[in-house]
Amino acid sequence: MMSTLLELNNVQTHINQFHILHDISFEVPKGEVTVLLGRNGAGKTTTLRSIMGLNPPTEGTVSYKGQVINKWKPHMIARNGIGYVPEDQGIFGDLTVGENIRVAMQKEDETTTEHLEWVLELFPDLKKFWKKPGGQLSGGQKQMLAIARAYVNDNELLLIDEPSKGLAPIIVEKVMESILYMKEKTTIVLVEQNFMMASKIGDSFHIIDDGKTVHNGMMSDLKQDKNLMKKYLGIA
Amino acid sequence: MDLFFSLTVNGLATGMLIFLLAAGLTLIFGLMDVLNFAHGGLFVWGAFSGVWVYDLTGSFWLGIVGAIITGLILGAIIEYLIIRPVYGNHVQQILITLGLMLVLSELIKVVFGPDQKAATAPEYLQGSFMVGDVILIKYRLFIILVGFIVFGVTSLILKRTRIGLIVRAGVMNKEMVQTLGVNIRLVFMLVFMVGAAMAALGGMLMAPYSGVIYAEMGLEFGILAFIVVVIGGMGSFSGSLLAAILVGLAQAYMAYYVPALSLAVNMLLMTVVLIFRPQGLFRVGVK
């Protein structure tokens, strides 16, 4: 049986005076890809930001490897093995590709070197444009860099927010391929609007609606449930 | 031509003093999003503490070290006690740092007395030498040299070291830096301390340059530094050097050729830059 790597229990998050997350509860089994689905504004991105400590929960618990991490600062959460790829990719525009990756490398040991070699093999464009400023990369290349940066450390869990957003279909394929590769080595929580991509990568899913987790199950089952897809995802 | 050359050297020397003040200010604004109106107070504390050590020991170099240490300590205290509680709130930052500026200036009078203090350059930096028909004043050249060394070393640190990369990345997107495992609060304090030390060094170098130091000079130079930061591009280290040199040169030329405009020249320069390049001469990287 799969062990649980991350668990959210009745997480509620406020941003200023706004109550964004009302009740988010789900478990992330180790070694799987858990997909968070939902319409725009449902609270998927805030959920990832709450896990990462960027918008800390005001109620409920986030447990990672059995430890409650609600009160931890984002850098502590990152140092404990959670990598984050934000929706806007968070590329440092003035830094070169190499520098973007160097900032991310928490240490330079055998594992990170191995990870770096692996991502450069996976994304040859990053090697090609190693000295090019991050701000001058195409949308797809920026996404590759953001994923590489999160993966280069020995992270046990990756939180990836809408990796296909704004990318051409051919680039989406490439990004999807890379996440499928990473799936073999790490656990992933994926927020994705592109249902085709989510269904190909995901093992299990949780639907978030109006700041609450309203439904969950295996991805293979969701594809059969047209009513559920229409009700919560607007997919006919 | 020799007059023009002398004015240029004067302008460069003044520019370098402003640069030392503005460089810290621009990094503090760029990385920490803090509008520090008390930065001139660190300049004046550097001047007074450095001159005090210089008088006490007779060593100009120990005076410089004293000023830098004062800047580092004051920077740490101010960041921890005053700035940290107001992160993210510009109105509070302006109010509290303006108040702090006044407190720092008045505290100078409490600690060092209300009078102006005289300061002279050490003997080996006094006097001048001739290159052709041009008279070069040694101390001014020394200030220019120190300014370029500080710029060179800081640029090298910003470009070649991991901490430098983190600072540059933090200027662009501090939230992302945290999610990569960096304790941004520690980096904030470090940058504030280094910025304060640069300002204090500028103050110490200013002392023999102007001959006298007084408690209110921090406010005057603080305003110049803000102009430089706006012209150079808020958060841009290279921009602050170029802008400081421009401001220094413009002041020197105008004071001689168009004295009536000498007080307004900095504001005019800032207005022109803001009209044509609202983001300043150097734009700090997109997120």
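All residue numbers here begin at 1 and follow the chain in the order shown.
Heads up, the Cβ atoms here are built off N, Cα and C, so glycines get one too.
Among the features that TrEMBL reports, transmembrane segment is placed at B:12-30, B:37-54, B:60-82, B:94-112, B:139-158, B:186-209, B:221-249, B:256-276.
Listed as Cβ neighbours of the transmembrane segment (B:12-30) (distance under 8 Å, sequence separation of 6 or more from its ends, same chain) are residues 36, 39-40, 42-43, 140-141, 143-144, 146-148, 150-151, 154, 167, 171, 191-192, 194-199, 201-202, 205-206, 209, 221-222, 224-226, 228-229, 232-237, 239-241, 243-249, 251-252, 284.
Proximity of the transmembrane segment (B:221-249) to the transmembrane segment (B:60-82) is not established, fewer than 3 Cβ-Cβ distances being under 8 Å for residue pairs spaced 6 or more apart. Between the transmembrane segment (B:60-82) and the transmembrane segment (B:139-158) there are fewer than 3 Cβ pairs closer than 8 Å, counting only residues 6 or more apart in sequence, so the two stretches are not in contact. Against the transmembrane segment (B:186-209), the recorded stretches B:37-54, B:94-112, B:139-158, B:256-276 differ in Cβ pairs under 8 Å, and the greatest number is found for B:37-54. The transmembrane segment (B:94-112) shares more Cβ pairs under 8 Å with B:37-54 than with any other stretch in the list B:37-54, B:139-158, B:256-276.
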